[in-house]
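J.: Below is one structure. I have some questions about it.
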């Protein structure tokens, strides 16, 4: 007996292909869709084949559909992708932030817009090839870590709503990547041994600077400064830098220097290794999953992850009128505005909530006058 219809987002890779195959074996009527998010004549898709927006990947996804004998469609998502992902990506760099476009894509495109398309077709369920699981905490649903530590993608999925979480299936959450490839070979899927993309889909060769230049973004030049206000160099654009960066600064100093803050006036603040740790930071644009929304003034001890592959550390969070204040209870460095922070219970692996890192705790002392050491 059929379990009903389900839409599977198919990128052309092995993970989504196996997802479709497993759901078929489980009794679902699978409909495969590929999300067209980018204009294929654009350089971002002409210069690389390892991109989920490339024509090659659409053909691979279609070949999987033929192999599995399921319906397959390409859905146009260029407009929402431009507005919610690319425009925000550019805007964040223009404001001295380091964006995380994969989070925005999952929240607004792969799950937000795709769920709307599914509903319009009378289909409630969708599935993807993410390495994540669904957990319950009382009446609330939450993303939980996939068991493959090296592939776990929970960090990128904190933006899913309760309605999304009730109706999404992640068949790969209990599997490892080698197991997925083995299943693909058993199923005879044409992408069983296809290599993975490690790039942002619209950024060829991961060169975001070149992408910004092609979008005619004006870079903001300024000075390299120390925390005490001393000027130690010039740069051609704050957009070239991110928090924690050490290489490519071009500054000769007695000890290695790191980017610890990027200012609105174009100044890039540098510090030595012991100056890279954060005392507190704020998180905005919150989405609560396993935890019911906090009231202003409420506090909670939990764990925070401040970037992908960062091991969560203990912290105390306090709900403010706008977002949270986070006080780490263990050392953390390189907290970066524009990146996401996700929060876990102290003793479990499901997401309580997540949001965007707004502003670090670094306070810069301005020397009067600033002492220049430029040649």
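Placement of Cβ uses the backbone N, Cα and C atoms for every residue, glycine included.
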J.: According to Swiss-Prot, 9, 10, 11, 12, 13, 14, 15, 16, 35 bind ATP; which one of 112, 122, 129 is listed for that same site?
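T.: According to Swiss-Prot, the candidate sharing the ATP site with 9, 10, 11, 12, 13, 14, 15, 16, 35 is 129.
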J.: For each of 9, 35, 105, 201, count the other CB atoms within 10 A of its CB; which of these recorded positions has the top count?
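T.: Its Cβ has the most other Cβ atoms within 10 Å: 105.
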J.: Quick one: what's DSSP say for residue 15 (ATP binding site), helix, strand or coil?
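T.: It is helical.
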J.: How long is the line from the C-alpha of residue 13 (ATP binding site) to the C-alpha of residue 130 (site 'Interaction with tRNA'), rounded to the nearest angstrom?
T.: 11
